[in-house]
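Chemist: This is the structure I want to talk about, given as structure tokens.
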């Protein structure tokens, strides 16, 4: 099928915390919706059957609970039956934004997914009802090509979003399409948690995901395109990911991903939006890696003469590292119950320092979640203290096999190359209770090769 995602540079309110009337809120949002309209038309002209827009793209961010109120639409939670906002605008008040989105879908005969703020009045008798008598949700809507509202999703894992409430129960949101079957839907930070993202994919055996996001890149392990691809690979799904474009805030990185190929956009240099349109195969069956055919061995070698280990902070976590010296070698580094191993060979020795790092513990900055990670990274400079820094360019071509005795089955394979580009492993999977990733010769200099394990039970 042909899919489109639009990385949108949103027109933001100059003072989001200041109270405004609904009328001026609608005026600001209309300017963003005008851009959406052009992009939906452009995508449809290129044959796209579905288009995805980013999180916060219509209203922006940095609101307070009260200042966002004029920007919120009323959206009946999807169980309320068939509603076509474009054709039946009179059914509910305060639905101007969803009406425009619905008409956009209808006019271009395209399935459309967008993110907006929504409100829902609640009764004082509801123990969860906020003091102001309403819930405010960070909401995705999915609209059919005839404008019908197919599904809504209320973001569950909020990322410092004081204007919004967490829904009482996680939403499992999906919708049906004639061209690719069911699509699941979640938002931004949700991708790092079991509920509802993993649960949704597993429970409903979904193979296509739509993913609005407003993601601040964090190298070396959590840049947007890197993790979006890892999720597609780990769960054998296609992901249509639309990020917002604000390079000054470190926000860029969108794409259309299959488990083995990606069409991405990552641009920290220039301004303006970007439409990506790509044709991808519908995934219908489970793709199982045949682990028996894999070359290479998982050995306990590398204990003999590992260089000295050292500690450095990476992604706000205290990693234990060993330097990757010389043109080839076998290394091992451990923390808690996790041991990481690396066999490597460099084509040419460059004056770049690489290190193999391990972390097995609770990550506690900007969210709390348990991580088990084995990571081969390029350091920021030549001293040990620079390992774990954000690096965007590299020249070293390294053949490697990386493996670890991970305690969780949820492993996200990361493979990031120079200029924030993606590469794909030659082989990966489980062997002898270890998860491994191997690659001969990356397409360009290696930035990060990692096994990012999420041990959800220990969150």
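Backbone N, Cα and C define each Cβ position, glycine as well.
TrEMBL labels come from automatic prediction, so no person has curated them.
Not my notes, these are from TrEMBL:
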- 55: active site, proton acceptor (ACT_SITE)
- 155: active site, proton donor (ACT_SITE)
- 188: active site, nucleophile (ACT_SITE)
- 14-282: domain 'CN hydrolase' (DOMAIN)
Chemist: Work out how many Å separate residue 155 (active site, proton donor) and the residue listed as 'active site, proton acceptor' at their Cα atoms, rounded off.
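Modeler: If we compare the Cα positions of residue 155 (active site, proton donor) and the residue listed as 'active site, proton acceptor', the gap is 10 Å.
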Chemist: Looking only at C-alpha atoms, tell me how far the residue listed as 'active site, proton acceptor' is from the residue listed as 'active site, nucleophile', rounded to the nearest Å.
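Modeler: The separation of the Cα atoms works out to 7 Å.
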Chemist: Around the residue listed as 'active site, proton acceptor', how many other CB atoms lie within 10 A of its CB?
Modeler: 26
Chemist: Counting across all protein chains present, how many other Cβ atoms fall within 10 Å of the Cβ of residue 155 (active site, proton donor)?
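Modeler: Result for residue 155 (active site, proton donor): 26 other Cβ atoms within 10 Å.
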Chemist: Tell me, roughly as an integer, the mean pLDDT over the domain 'CN hydrolase' (14-282).
Modeler: 97
Chemist: Given a separation of at least six residues and a C-beta threshold under 8 Å, show me what packs close to the residue listed as 'active site, nucleophile' in the same chain.
Modeler: 55, 155, 157, 159, 211, 212, 213, 214, 215
